[in-house]
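Novice: Here it is, the structure, as C-alpha cells.
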C-alpha cells in the first residue's frame, strides 16, 4: 500500500534557552547558552553542579495549580509544549474528529523528582504517607494521558521510552500511524526533568557528565578536544503531525514534510556507541531510504552531538558512512546541545523542531564552544556562528543508552 504524506503543522517547546519555540530559536541562532549553576537543591557535594534548566516556568499558563500538584514537572513541561503545539497548529478538536487525533509523547526517565519525594515519605513516615497520586504523577505515559484528557484526543495514545532517542522515536512512530491510516493527526514528542539529586548523582557516578564547574556555559562543547562529558538538560518538545491532504483541506500552515524515519541498534555496549559509527549510520541510511533520497541531497544534519569523547567521533564516522564521500563534503553538521545541554528523552523532539526551523528559515544554528576541533573529522561543524544555507532536506539524529538509534528526514515545503 502507498503511504500517506505527513507534514508538521504545529510546534511547542520548553528549553533551557526559552519557554517557547520562538524564543528558543532566536537564542540558538544567536549562540546563547542556557547552562546555569544548580540552585534548586544543594549541589555542593556533587561532581557536577550545573545543568540546562527551564527558567521562569509558570504552570498556571497551561493548567490549574490543583492539577499541577498531581504531576511531576516533566509532565507539566510536556503538557505545556503540547498545548503550544496544538494552539500553533490551529487544529480544532471536535466530536467528529477526536478519535482520529492521537498522542505519542514519552519520557526517557519519568518523574524522578516525585519518585525521590515518594521514597523519602515512605522511609521517613511510612507507607500511609505515600501520595495516592504517586504512580500517575511519575510514570512516563502521563504526558500523553493528561494531554489527551485536557484536549479530548481519542486517537492512538502511546508513550515510547527509549532513553535519549525517546522524543525522536515518538515522532517517527506517530508519523507512521498517520502514514498507514491509524490517525489523521498526532501530537508527538518527548519531555524530561532529570536535573534532580538522584539524576545528577546517577549520571555523575557513571562519569557521563562534564565537571567543568568553573565555566558551566563552556562545558557542552561537541567535537572540541576539551570536551569531558555531556551537560544534563530539562525541557520538552512537541509537534503536531498531520496527513498532508487533511492539513491542506483546513488551510493549515505547513512547516515541513516528514519524509523519512529510520531506526537501528548498535548491539555493542550499554552506554557507549559502536566505535565505527555503524549503528548511527544504519539509522540514517534507513531514514534516507524511507525518504527516497541520497546522501548528496542532505543539506544539514542536526547531530546527536552530546559532547562525549567517544560519541562525538563515532557519530561523524556514521555521518560519513551514511552520506558517502560527496555528501559528507557538502553537508553542514551542528549540535545545538552545545547550547541546551542534553535533554535526554526530550532531546530528539526539541532537535526535530530545530531541524524543521532550519529548513523553514534556511539557516543552520551553530555549534558553540568549538574552539579546538578534534583532528581528522573533516566535516563542516558550523562553529560559533549560524550559517545561511540553501537546502531541501535535513536529518535529525538521536542515539540512546542501550544502542537505540533513530533518524528523521525532513523536507522543505515548496512555496
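Placement of Cβ uses the backbone N, Cα and C atoms for every residue, glycine included.
Bear in mind that the values here come from a model prediction, so they are computed numbers and not experimental data.
Look at Swiss-Prot and you will find 3-412 tagged as domain 'Ketosynthase family 3 (KS3)'. Per Swiss-Prot, the feature active site, for beta-ketoacyl synthase activity maps to 164, 304, 342; the stated evidence is sequence analysis.
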Novice: Expressed to the nearest Å, what is the distance separating residue 164 (active site, for beta-ketoacyl synthase activity) and residue 342 (active site, for beta-ketoacyl synthase activity) at their Cα atoms?
Specialist: 8
Novice: Taking DSSP as the reference, which of helix, strand or coil describes residue 164 (active site, for beta-ketoacyl synthase activity)?
Specialist: helix
Novice: Using C-alpha atoms only, work out the spacing between residue 304 (active site, for beta-ketoacyl synthase activity) and residue 342 (active site, for beta-ketoacyl synthase activity) and round it to an integer in Å.
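Specialist: Cα-Cα, rounded: 9 Å.
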Novice: Output the one of 304, 342 that, of all these active-site residues, has the highest number of other Cβ atoms within 10 Å of its Cβ.
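Specialist: Result of the Cβ crowding comparison: 304.
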Novice: On the 0 to 100 pLDDT scale, where does the domain 'Ketosynthase family 3 (KS3)' (3-412) sit on average?
Specialist: 98
Novice: Residue 164 (active site, for beta-ketoacyl synthase activity) has how many other Cβ neighbours within 10 Å of its own Cβ?
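Specialist: If we count other Cβ atoms within 10 Å of residue 164 (active site, for beta-ketoacyl synthase activity), we arrive at 27.
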